[in-house]
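To start, the structure itself, in C-alpha cells.
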Amino acid sequence: MAAAEPKPPAGADAARRLAGGCWSALWDYETPKVIVVKNRRLGVVYRAVQLLILLYFVWYVFIVQKSYQDSETGPESSVITKVKGITYSEHKVWDVEEYVKPPEGGSVFSIITRIEVTASQTLGNCPESVRVSNATCDVDEDCVSGQLDMLGNGLRTGRCVPYYQGSAKTCEVSGWCPVEDGASVSQFLGKMAPNFTILIKNSIHYPKFQFSKGNIEHRKDGYLKHCTFDEVSDLYCPIFKLGFIVEQAGENFTELAHTGGVIGVVINWDCDLDLPASKCNPKYSFRRLDPKHVPASSGYNFRFAKYYKTNNSTTRTLIKAYGIRIDVIVHGQAGKFSLIPTIINLATALTSIGVGSFLCDWILLTFMNKNKVYSHKKFDKMVDTPEQTTGPQLCASEPPWQDSTLADPRGLAQL
C-alpha cells in the first residue's frame, strides 16, 4: 500500500493565496459603484450646478478672459512728444522754446501757464522772507548770526532789518537778494494755452509674438499737418489740443493753469492677435494724477533761474513756474491662441463639473439619509469571518467591498 503524500503546511497555502491576490491586483480593473437616486429635487440641483459651472467656464473663462490664449503684458514702448503754439503775457510773447520744460520731447513734460518772476537778483544781504519760520524779529538779539535755515533763503547775519514793505522786521540773510517773496511779479501765460497742440508719437512691440505697431497712420499726403485727434474719424492722428486733454480729464482749464497740476494721458494697447492687425488699436484716456483735494500737495510748480553777467557781476532772474505736467503712460496686453492653456482650462472645466456630485452627496448624507438607506447602498461593509482572519490580510484575491449581504431590501426608491 502506497504511503500517503504529505500535505503542504497551512502557512504555505496562505502565502500562495496572498501572492496570487497581490499579483492579480496589478491587472485587475476597479470602477466605482454608480447609484441612481430617483429624486426630482435632487436631480434639478445636480443639473443646475453642472449648468452654472459650464456657463462660468464657457462665458467668463473662455469668452471674457480668453483663457485659451497665451498672453503677454507690458509692451516695449517708446514715446516722442512735440508741442506747438504761441501765447502772450502782460509783458511779452512766449514761444515753445520758453514755456515747455524739458524741451527734449519725452513722455513727461511741463507746459508753463503762470510764472512769478524775481528779477535782478544779486549776491548780497537783504531781509529774509516773512514766510520763513522764526524770521520775524524786533531787535538784533532775536537773530542768531551764522544760523542757516534749510527752508530759508540764506545765512543769517545777526541783524534785524525792516522788511520790503510794511512795518514788519525780519532777520537779515546773506544770499541772492532780493528774496523771492519780496519782489516777485506774477505773469499769466494761459490765455492761448488751450489751443496748444501736442503730438504724441507712440510705438509698441510685443517680443513674445514679434508684433509691432504705432499710433500714426502711414500716409504720404501730409495728413498730420491738417488733422487733430478724433476717436471715430481720426484715431491715428495723435495730435491733441491742450484744452481737449484738460476737458477730458474733467478739469477747469483756468483754475488748473493758475495752480498747476498733473494730467495723465493713458494709451492702452489691448490686442487679440488671433484677429487681423488692423483690429489692434490704441485707446486713449485722460485723468488728473495729483491729489487736487489735498491742499498741502495739490498743484504743480517748479523753479529755475536765468543767469547774466553785468559789469563783471553775476545777476540772475528767478522764475517760479506753475504749469500743466503731462505724463504719457503706455500699457496693454496681447493674446494669441495656444494649445497648452486651452488643454489646462478644459481639464479644469471637466474636473469642476464633479463639484455637483460632491454637493448632492453631501445633501443626501446630511439632510435626506432616512434610516441610513443611502449610506448602506453607497458604502459596503466587510464582515470579518474566521476564514478571513487565518492568514495575512495585506492583499486579497477578492476586494472586500464586493460583500453585498447588507443591501437594503427597500432600495433607494424610498428616498
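Any Cβ shown, glycine's included, is placed from N, Cα and C.
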What is the disulfide partner of Cys271 among Cys237, Cys280, as given in TrEMBL? Cys280
Consult TrEMBL and report which candidate among Cys22, Cys126, Cys227, Cys237 shares a disulfide bond with Cys177. Cys126
Identify which of Cys137, Cys227 is listed by TrEMBL as the disulfide partner of Cys160. Cys137
How many Å lie between the Cα of Thr197 (ATP binding site) and the Cα of Cys126 (disulfide bond)? 43
For Cys280 (disulfide bond), the one of Val83, Asn301, Phe302, Arg303, Lys320 that lies nearest, given that the binding-site residues are compared by Cα: Val83
Cα-Cα, whole number of Å: Val83 (ATP binding site) versus Asn195 (N-linked glycosylation site)? 11
Out of Lys82, Cys143, Cys171, Cys271, Phe302, the recorded positions in the record, which is closest to Cys177 (disulfide bond) when you go by Cα distance? Cys171
Annotated ATP contacts Lys82, Val83, Lys84, Thr197, Asn301, Phe302, Arg303, Lys320, maximal Cα-Cα distance (Å, integer): 24
